[in-house]
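What follows is one structure encoded as structure tokens, with my remarks underneath.
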Amino acid sequence: MTTRYIFVTGGVVSSLGKGIAAASLAAILEARGLNVTIMKLDPYINVDPGTMSPTQHGEVFVTEDGAETDLDLGHYERFIRTKMNRRNNFTTGRIYEEVLRKERRGDYLGATIQVIPHITNAIKEKVLAGGEGHDVAIVEIGGTVGDIESLPFLESIRQLGVELGRDRTLFMHLTLVPFLGAAGEVKTKPTQHSVKELRSIGIAPDVLVCRGDRAIPANEKAKISLFCNVEERAVISLKDVDSIYKIPALLKAQGLDQLVTKRFGIDCKEADLAEWEKVVYQEANPVGEVTIGMVGKYIELPDAYKSVNEALKHAGLFNRVSVNIKYIDSQNVEAKGDEVLQGLDGILVPGGFGERGVEGKIMAAQFARENNLPYFGICLGMQVALIEFARHVAGLEGAHSTEFDKNTPHPVVGLITEWINEDGQVEERHEESDLGGTMRLGAQLCHLEEGTKAAAAYKSTTCVERHRHRYEVNNNYKERLEKAGLIFSGLSSDRSLVEMIELPNHPWFVAGQFHPEFTSTPRDGQPLFEGFVAAAYTYQKRDLED
């Protein structure tokens, strides 16, 4: 199979939406019957985002094979059916680490290691490997043209453009075309300068995607075409929209997919975007709404919970309701108590690390349990629910996780020292293990107990979900917690680790050690999120009736 490559760069400012644009183009090409994948090349020096602060970088998206990756890979999986893996995201740090390891082994036979050719060759090898087996590989380059960190990646794709030829490569550049209110017109000069910067390093863009708060007039498109040496039909206007799921239709309406397939000489069917039209319609026409309180510690940057936010919206689509997310700092719960939890239709406690705010999360779980308010716990959200139950129902005073209190009299949650990974191999950890890349990661099989809400949601006695954690339920307390009424509704593949808990006689008090948000998509949803939002809507209607 001959793979074609589309390289996506950005200019003028960061956060233009390269990832969304790349994913939307991929969705159209997939709708035309092509096998598409997307890669993200990140210019930072970290080996991966696994140990980066969520308030700086946003969430860490976990792939099926256990790679800790950029949140853009979540966008990719939500737009196309292809599952991402560790080949779909790599950083400058990863490249340098691998090149230096080869140098230490003597693989370069004493050569002087340089950015060109050694670093650029390593980048090209990864790009080509990531595209294998696909008709089209879209490669997004992180950062902005002109950033010093991006230069090795830009040089690498420039070389690939020469080596693979024009019939296998296409360069798509996103720029900003701002509207100046004082002048009453859009300004193309930033785009011209950005393209000039890109051309100065040897890359001539084939397509310009121009971002702005409004559609670009035809005369301005012609101006951009003239000054940037790009065909007028290849100047694409991408205005702000109220839903990212409208973007595939916007790009298709301007013929971007036809431009790509013609360039690559690919003969394929027309794109059918009926699934996306359905998503947009459902999003615009809810029959009700619910308010979900998300109790966390990284709420100053909602992107820290990007996949959770999107999964709640997807669940809203399947329940025909609009989901309003109220972000609640768990430290505010500690300071103000129940007053910050009023007026909610459900509480969700997402994953997280560290002691700060953990008692507020425990208080939120207690409030939901005692008031029959739908509760959904994810990863740490399951652990705090179990700690709360142990303290206040099972009578285990002072129960805690050893992550937060190593001297707790009842360590109901502790460090996992051994488990079976996705390949069936035994993995071991201890207190002194590195923080990076040492968690239980990736897709794991979970056995669900019949008759539980978990099994009912999945309509199955098994599920496969992705993990990212190093602490687990202490099995020494299982019997006592079960006697107090807690149901262990999900167990690991070898039934040695607790994966899910729930409460009987409660509208919805369900929690999982895994991260189901990573498998939610707007077209398919996710069973647990759908069940949670349905329970929240039912709770709201009953509350109004009362």
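Even glycines carry a Cβ here, placed using N, Cα and C.
Annotated region 'Amidoligase domain' per Swiss-Prot: 1-266, in sequence order, evidence recorded as sequence analysis.
What Swiss-Prot records for Ser14, Lys187, Thr188, Lys189, Pro190, Thr191, Gln192, Lys223 is UTP binding site, and it gives sequence analysis as the kind of evidence. Note: Thr191 (UTP binding site) has non-local neighbours Gly11, Val12, Thr175, Leu176, Val177, Leu208, Cys210, Ile224, Cys228, i.e. same-chain residues 6+ apart with C-beta under 8 A of its own C-beta.
The CTP binding site feature in Swiss-Prot is assigned to Ser14, Asp147, Ile148, Glu149, Lys187, Thr188, Lys189, Pro190, Thr191, Gln192, Lys223; the stated evidence is sequence analysis. Under 8 Å, Cβ to Cβ, and six or more positions away along its own chain, Gln192 (UTP binding site) finds Ile224, Phe227, Cys228.
Taken from Swiss-Prot, the feature ATP binding site covers Ser15, Leu16, Gly17, Lys18, Gly19, Ile20, Asp72, Lys239, Asp240, Val241. Residues near Asp240 (ATP binding site) in space but far in sequence (CB under 8 A, at least 6 apart, same chain), listed by position: Gly212, Asp213, Arg214. Under the three-state DSSP scheme, Asp240 (ATP binding site) falls in the coil class.
Under the heading Mg(2+) binding site, Swiss-Prot lists Asp72, Glu140. Glu140 (Mg(2+) binding site): 27 other CB atoms within 10 A of its CB, across all protein chains. In the three-state DSSP classification, Glu140 (Mg(2+) binding site) falls within a strand.
Summarising the annotation, Swiss-Prot assigns domain 'Glutamine amidotransferase type-1' to 291-542.
The Cβ of Gly381 (L-glutamine binding site) lies under 8 Å from the Cβ of Leu348, Val349, Pro350, Gly351, Lys361, Ala365, Ala511, each on the same chain and at least six residues away in sequence. Residues annotated as L-glutamine binding site in Swiss-Prot: Gly352, Leu380, Gly381, Met382, Gln383, Glu403, Arg470.
Residues within less than 8 Å, Cβ to Cβ, of Cys379 (active site, nucleophile) and separated from it by at least 6 positions along the same chain comprise Pro350, Gly351, Gly352, Arg468, His469, Gly512, Gln513, Phe514, His515. A coil conformation is recorded for Cys379 (active site, nucleophile) in the three-state DSSP classification, outside any helix or strand. What Swiss-Prot records for Cys379 is active site, nucleophile, and it gives sequence analysis as the kind of evidence.
In the shown protein chains, 24 other C-beta atoms lie within 10 A of the C-beta of His515 (active site). Annotation comment: Swiss-Prot describes His515 (among others) as active site.
A helical conformation is recorded for Glu517 (active site) in the three-state DSSP classification. The Cβ of Glu517 (active site) has 29 other Cβ atoms within 10 Å, all protein chains considered. Positions annotated as active site by Swiss-Prot, on the basis of sequence analysis: Glu517 (among others).
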- Task: Pick out which of the binding-site residues Gly17, Pro190, Gly352 has the most other Cβ atoms within 10 Å of its own Cβ.
- Result: Gly352
- Residues near Gln383 (L-glutamine binding site) by Cβ (under 8 Å) yet at least 6 apart in sequence within the same chain, in sequence order, are Gly377, Ser401, Val413, Tyr471, Val473, Gln513
- Item | For the L-glutamine site built from Gly352, Leu380, Gly381, Met382, Gln383, Glu403, Arg470, further residues of that chain with CB within 8 A of the site's CB center | Gly351, Phe353, Cys379, Val384, Ser401, Val413, His469, Tyr471, Gln513
- Query: Any idea what DSSP makes of Arg470 (L-glutamine binding site), helix, strand or coil?
  - Reply: coil
- Specify the nearest of the recorded positions Ile148, Lys223, Leu380, Glu403, Glu517 to Gly19 (ATP binding site), where nearness means the distance between Cα atoms. Glu517
- Item | Extent of the ATP binding site in Å [max Cα distance among Ser15, Leu16, Gly17, Lys18, Gly19, Ile20, Asp72, Lys239, Asp240, Val241] | 20
